[in-house]
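Visitor: Dropping a structure here in structure tokens format, bear with me for questions.
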Amino acid sequence: MMESGVPPCAACGDDAHAACRACSYALCKACLDEDAAEGRTTCARCGGEYGAPDPAHGQGAVVEEEVEESHEPVASGVRERVTMASQLSDHQDEGVHARTMSTHARTISSVSGVGSELNDESGKPIWKNRVESWKEKKKEKKASAKKAAAKAQAPPVEEQIMDEKDLTDAYEPLSRIIPISKNKLTPYRAVIIMRLVVLGLFFHYRITNPVYSAFGLWMTSVICEIWFGFSWILDQFPKWCPINRETYVDRLIARYGDGEDSGLAPVDFFVSTVDPLKEPPLITANTVLSILAVDYPVEKISCYVSDDGSAMLTFESLAETAEFARRWVPFCKKYSIEPRAPEFYFSQKIDYLKDKIHPSFVKERRAMKRDYEEYKVRINALVAKAQKTPEEGWIMQDGTPWPGNNPRDHPGMIQVFLGETGARDFDGNELPRLVYVSREKRPGYQHHKKAGAMNALVRVSAVLTNAPYILNLDCDHYVNNSKAVREAMCFMMDPSVGRDVCYVQFPQRFDGIDRSDRYANRNVVFFDVNMKGLDGLQGPVYVGTGCCFYRQALYGYGPPSLPALPKSSVCSWCCCCCPKKKAEKSEKEMHRDSRREDLESAIFNLREIDNYDEYERSMLISQMSFEKSFGLSSVFIESTLMENGGVPESANPSTLIKEAIHVISCGYEEKTEWGKEIGWIYGSVTEDILTGFKMHCRGWRSIYCMPIRPAFKGSAPINLSDRLHQVLRWALGSVEIFLSRHCPLWYGYGGGRLKWLQRLSYINTIVYPFTSLPLIAYCCLPAICLLTGKFIIPTLSNAATIWFLGLFISIIVTSVLELRWSGIGIEDWWRNEQFWVIGGVSAHLFAVFQGILKMIAGLDTNFTVTAKATDDTEFGELYVFKWTTVLIPPTSILVLNLVGVVAGFSDALNSGYESWGPLFGKVFFAMWVIMHLYPFLKGLMGRQNRTPTIVVLWSVLLASVFSLLWVKIDPFIGSSETTTTNSCANFDC
């Protein structure tokens, strides 16, 4: 601050000192230096030079001032002032405002005299003009200095725009729902309602117009048609609200960051394999390599491989894979290649130079391909060596016997290959952790096949890494999209969506399928139509692979935002208007009551102990409660309480390995909730459907994620026999669930958390194998009608014609509109329809009988793992034929209908033209069956168009016997016709 009587700077108004010794004209130091820099050395008031002494007062008029800590004259030489001005100018160029320099207050002595003022031509004093120009220039200087400082501190415009965009993206949703257009969905729903009405009118006509001359045929057809109508309702209405979803991976990165300091959640990958001779180690290795190379922070990825066959071949091939990953992973990340499974990357028939501008790419790619070929040679050598097992068993490289020589009786084995303490890649970077796991097996213990292996991986991973999310893959499903994990995290880590999400399911996509997809291996209708419909309800079903789980959901917990239970429970959605007098307890409440009784008994026993602290008692009871659910492992129990995952920093790695061996022991799950309420659920060979159903019953919802580039791809059995056995396994699992306590028809009503349309979809999932019974009967009806001359419908009236046409038109229009909103092709739809009939009259029928026999007689069905394709020729496996009894029923139906068509035409030729009209309806019916079974017929012919002799003999024999018996018995001839014939025979005409 200035002292009293000292005026401020005449240019800028800041603290000033006397620049002119003659007239004491007040200027601040910055303005004085600015004048000096511009070459103005004369006073604006008196015209004298700055620093010149006043002739009246001499040298003593100015008192020395203190500037910072040194004493210097008020007016220094011009050279010194120019130097200071240039320094200030340099500071301004660097973006530092010159006015930030602080100065001490200066004491100016009073001046006794002031020089005369000089005027310009207009009569205005010159000093005033100069003061005004100073002020204007000062303002300009300040403005430019501020701009320079802002420019120096701010990033470039492009970066600033990107930063602002990232900041905005960080607060935006990570995904969004894209509803189907109303122009597509409204007509679709309207036609469904119309079809339902027409179906009711059709059934009314069919029931009220029996065919008395063929009453048995008519009754059979009506029962079959009613079942088909019921099956259509179960399949159709869960597709009422289909939706699409879109993810924003860039927003995920903006919110949680990337690299070492990323806030992305860790993920544990599970890969399961059993028999390396049927599941080639090279296929499993490609899956593992694609996981290790995913586009995700390496310290947040762990890969666990479950070897349920305890094969040394799997162990050794995994060791080779870990070594090859040191070269493969940095190559993938350096050039951002897709897919990151080397077998499928190098076999692509595309221009691999597209979008690759790095000059060394071609050279490194060629070298990497050579390394991979050498790696394949080593793996194939291991496979060739494993074809013949030594009598003394396998010996490891250190000379000790392989612990898993007996796959049914061996200890648990764990080996960590890569990770934080393991080998690094050739660029010196850390690699994701790779862990080999083979759970303990002993005679007399139930191991629960794949479900038991997955639960063992859940416990091992919880002890070693405890990532909050788990992504499981079959050994033949590789990561096709390196950003697949980020796609899943867009749902899981979105606060507005992920709280109630138990899993994110990706669609299955396949390689190596023939172009026409003869046996509907792609299953496009299910993955692109049904699953989208379920996503609009409570979420898609779990299909066993390509699924990212929330670990806490696998532990049997409900969603965090679970609403309060209703006051009363209902037995079914259809009887909600008839409430019970007393609400039944839900399963969770009954489980809680039983647990409370156990705890009370435990408390009673503890109270008998003298001097037992209450706090210690409560802690012990809590520990006992967790042990009853999760097993006897304090480390694992502690991990279940960590919702965000992670392992305690104080944990000793060697101790954790010992604990991991303990949790995969064969008796660990005894007297616990594993397989009942926790983990993968036991009780069916299709544990995936059962596990997802239990989660949905607890109130969780699931998400269906369909990225533009498929997340995962796998292989499918493309030959007829293997495909039918795969369908047989799925159908048997559904029958097992239908006959168990977890049947959706009666399970899970207590909490009321399963939406009724979602329940319909689960009912359809477990009921569809039983459609094989009416389907086989219906497929035999055309041949029977042609052989007997009867038909299942009477002569059509005008009204009946309208109902039939209305039903056929509604079926066609519904299918067309479904294709329209889903985007699938008509060929995929037709292949699905064909294989629905093929599977229904073969695999589904066997599944029904096997499931019933298993329940009644306790006969367990052992399924072998489907062998993966090994034929080097394109689609070579398509023509491989393997004999199986499943082929007999559809072959018999084919032969029977062909015989019926021939017999029908022969009868029409003998009977005259009046019988041709009814014949066309019967022949059309038979041709409908033959057209649906045509892919099956091609599969029987094989590459050489030859059907195996045994199949031909059995089918012709059955069809011939059936036809002869039918013609001999002729059970559908009316009694009146018989009486007339007998009377005529006794009358002598």
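Glycine is no exception: its Cβ is also placed from the backbone N, Cα and C atoms.
Grabbed the feature section from Swiss-Prot, which reads as follows:
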type	residues	note
TOPO_DOM	1-184	topological domain 'Cytoplasmic'
BINDING	Cys9, Cys12, Cys28, Cys31	Zn(2+) 1 binding site
ZN_FING	9-47	zinc finger
BINDING	Cys20, Cys23, Cys43, Cys46	Zn(2+) 2 binding site
COMPBIAS	138-149	compositional bias 'Basic residues'
REGION	138-158	region 'Disordered'
TOPO_DOM	206-213	topological domain 'Extracellular'
TOPO_DOM	235-772	topological domain 'Cytoplasmic'
BINDING	Lys450, Asp474	Mn(2+) binding site
TOPO_DOM	794-798	topological domain 'Extracellular'
TOPO_DOM	820-835	topological domain 'Cytoplasmic'
TOPO_DOM	857-884	topological domain 'Extracellular'
CARBOHYD	Asn862	N-linked glycosylation site
TOPO_DOM	906-916	topological domain 'Cytoplasmic'
TOPO_DOM	938-946	topological domain 'Extracellular'
TOPO_DOM	968-989	topological domain 'Cytoplasmic'
Visitor: Looking only at Cys9, Cys28, Cys43, which of these binding-site residues has the biggest number of Cβ atoms within 10 Å around its Cβ?
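Guide: Result of the Cβ crowding comparison: Cys43.
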Visitor: Would you mind pulling the DSSP three-state label for Cys9 (Zn(2+) 1 binding site)?
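Guide: In the DSSP reduction, Cys9 (Zn(2+) 1 binding site) maps to coil.
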Visitor: Using other CB atoms within 10 angstroms as the count, which residue among the binding-site residues Cys20, Cys23 scores least?
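Guide: Output over binding-site residues Cys20, Cys23: least Cβ neighbours within 10 Å is Cys23.
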Visitor: Could you measure between Cys28 (Zn(2+) 1 binding site) and Cys43 (Zn(2+) 2 binding site) for me? Cα positions, answer in whole angstrom.
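Guide: Here the two Cα atoms lie 13 Å apart.
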Visitor: How would DSSP class Cys28 (Zn(2+) 1 binding site) in three states?
Guide: coil
Visitor: What kind of secondary structure is Cys23 (Zn(2+) 2 binding site) part of, going by DSSP in three states?
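Guide: In three-state terms, Cys23 (Zn(2+) 2 binding site) counts as coil.
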Visitor: Where does Asp474 (Mn(2+) binding site) sit in DSSP terms: helix, strand, or coil?
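Guide: For Asp474 (Mn(2+) binding site) - judged by DSSP and reduced to three states - the answer is strand.
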Visitor: Cα of Cys31 (Zn(2+) 1 binding site) to Cα of Lys450 (Mn(2+) binding site): how many Å, rounded?
Guide: 85
Visitor: Sorted by position, what residues of the same chain at least six away from Lys450 (Mn(2+) binding site) have a C-beta under 8 A from it?
Guide: Ser272, Val274, Asp308, Trp680, Glu687
Visitor: 10 Å Cβ neighbour count around Asp474 (Mn(2+) binding site)?
Guide: 22
Visitor: Sorry to bug you, but what's the C-alpha spacing from Asp474 (Mn(2+) binding site) to Cys20 (Zn(2+) 2 binding site), rounded to the closest Å?
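Guide: One finds 91 Å between the Cα atoms of these residues.
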Visitor: Quick one: of the binding-site residues Cys9, Cys23, Cys43, which has its CA closest to the CA of Asp474 (Mn(2+) binding site)?
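Guide: Closest recorded candidate to Asp474 (Mn(2+) binding site) by Cα: Cys9.
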Visitor: Do you know offhand how many angstrom separate Cys23 (Zn(2+) 2 binding site) and Cys9 (Zn(2+) 1 binding site) by C-alpha?
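Guide: Roughly 14 Å, rounded to the nearest whole number.
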Visitor: Quick test of the contact rule: Cβ under 8 Å, at least six residues beyond the ends. What residues does that give for the topological domain 'Extracellular' (794-798)?
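Guide: Answer is 209-211, 804.
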